[in-house]
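**Student:** Take a look at the following structure, please.
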There are 2 protein chains.
Amino acid sequence: MSRYLIQFAYDGGSFSGYQIQPNALTVQEELEKKLSILAQRKIEVVGSSRTDAGVHASQQFAHFDCPVPIQKDWVYRLNRMLPHALAVISIEQVADDFHARFDALSRTYHYWIVRKKTPLRRHDTYWFEAPLDLEAMNAACQILFQYIDFECFSKVKTDVFTFDCTIQKAIWTEEGDFLKFTIQANRFLRGMVRAIVGTLLEVGEGKLKPEDLHQIIQSKDRNQAGRAVPAHGLHLVEVKYK
Amino acid sequence: MSRYLIQFAYDGGSFSGYQIQPNALTVQEELEKKLSILAQRKIEVVGSSRTDAGVHASQQFAHFDCPVPIQKDWVYRLNRMLPHALAVISIEQVADDFHARFDALSRTYHYWIVRKKTPLRRHDTYWFEAPLDLEAMNAACQILFQYIDFECFSKVKTDVFTFDCTIQKAIWTEEGDFLKFTIQANRFLRGMVRAIVGTLLEVGEGKLKPEDLHQIIQSKDRNQAGRAVPAHGLHLVEVKYK
């Protein structure tokens, strides 16, 4: 029995999220089904991050154990067996105790906003035209680094033992007609990035001041933070391992 | 009565082409419907180019006559009335005898190929992994400039009076994981770009030699040229006027 790390990418709009659930098309189930066909036995995968319904990934990982040796052509064959919305990038052997979720040092997400209606980018960016003060939004980002408990940005229904996250990067940049929010942390809570983006947009619109972030974070109350922005602007873009 | 030029963009995957037809969602019909609501009378638009079902446009134009003055907020309102797949960029007044189709000096199309499976670009690029000799494909492009009758690349069912086109630009470029074909001409025949791309791909795969283009074009026979590539990789990107 050897352990393997599979790297893949997907259009979240075509799936009910990463994690398997009954009566819904999920990334995990699609991967397991097709890997099981190739291995001719049941394969279970453990993902690095459980992205919500609608959230995209350009770099996501999962590990799995397989008693038969992986053939060189599996990436090629998987890409032709899987739906167009899910692509396998690579499969490589890892240590037997490697864990895709627990060994990940950090995850990086991008949230894309498009400033004018752009038909071909409507599936992967959030169309938002209101004027925004980017400087104020980046000033608010600086406050995120001063805290580790982010319960205020977590979905209320959650099964985590701690709300502590170490945010390593949080910055807004302008790229032509697009605004890109980059956030990197050791871990994220459920709905956290979309709640942070929603709150930062309120700062950008002048409805909140950057320093209001202190009170919001200290409240540990989801109702104090801004609304969650739509899932389709969110992309998991990097997972770092040792 | 004044004449206006409307500039717009669309995701061709959501429409059965530009031109109105019964029992199908078309770009022209959507535009006319929403403009008629704002003008409170029937508005008819005349497009610069009749793109086929599935073909995208980042810059397309149409003219229309309207007896009531266009309000400044029409672009804003149209974008909120039209489906997400269709965006209005601008509306400006033009001369009363301006014609969106006949006054266009040239149209430019891009055809995008992606070299590896890329879920988020599957709607607007053609996934094609086979090795390609780009140099041979560009050598074949040079031959296009030596001809004006392109009947060999035209759909057989067509109502045009002449197959003459002046090709002003035709070149393949590599951009990361993508190949982009740029072609500019005064006019294009039905299915022409997709037939040219299909033929050039056969050159790239070594199934045809660049100089075989001479015989194909001279034959004036659609069966001599390559297959038509899928519509979803094709984008109308520029229409030039005086």
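Glycine is treated like the rest: Cβ placed from N, Cα and C.
Automated prediction, rather than curation, is the source of TrEMBL annotations.
Under the heading active site, nucleophile, TrEMBL lists A:ASP52. Sequence annotations record features per position, and here TrEMBL assigns substrate binding site to A:TYR109. Residues or ranges marked as domain 'Pseudouridine synthase I TruA alpha/beta' by TrEMBL: A:9-103, A:149-241.
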**Student:** How long is the line from the C-alpha of A:TYR109 (substrate binding site) to the C-alpha of A:ASP52 (active site, nucleophile), rounded to the nearest angstrom?
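**Tutor:** The separation of the Cα atoms works out to 13 Å.
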**Student:** Using DSSP, how many residues of the domain 'Pseudouridine synthase I TruA alpha/beta' (A:9-103) fall into helix, strand and coil, respectively?
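**Tutor:** Helix, strand and coil residues of the domain 'Pseudouridine synthase I TruA alpha/beta' (A:9-103) number 24 helix, 25 strand, 46 coil.
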**Student:** Reduced to three states, what secondary structure does DSSP give A:TYR109 (substrate binding site)?
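**Tutor:** Going by the DSSP assignment, A:TYR109 (substrate binding site) falls within a strand, counted as strand.
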**Student:** Ten-angstrom check, please: count other Cβ atoms within 10 Å of the Cβ of the residue listed as 'substrate binding site', all chains counted.
**Tutor:** 25
**Student:** Can you name the residues of this chain that are 6 or more positions from the residue listed as 'active site, nucleophile' yet have a C-beta less than 8 Å from its C-beta?
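**Tutor:** Long-range Cβ contacts: A:GLY12, A:GLY17, A:ARG190, A:GLY191, A:ALA231.
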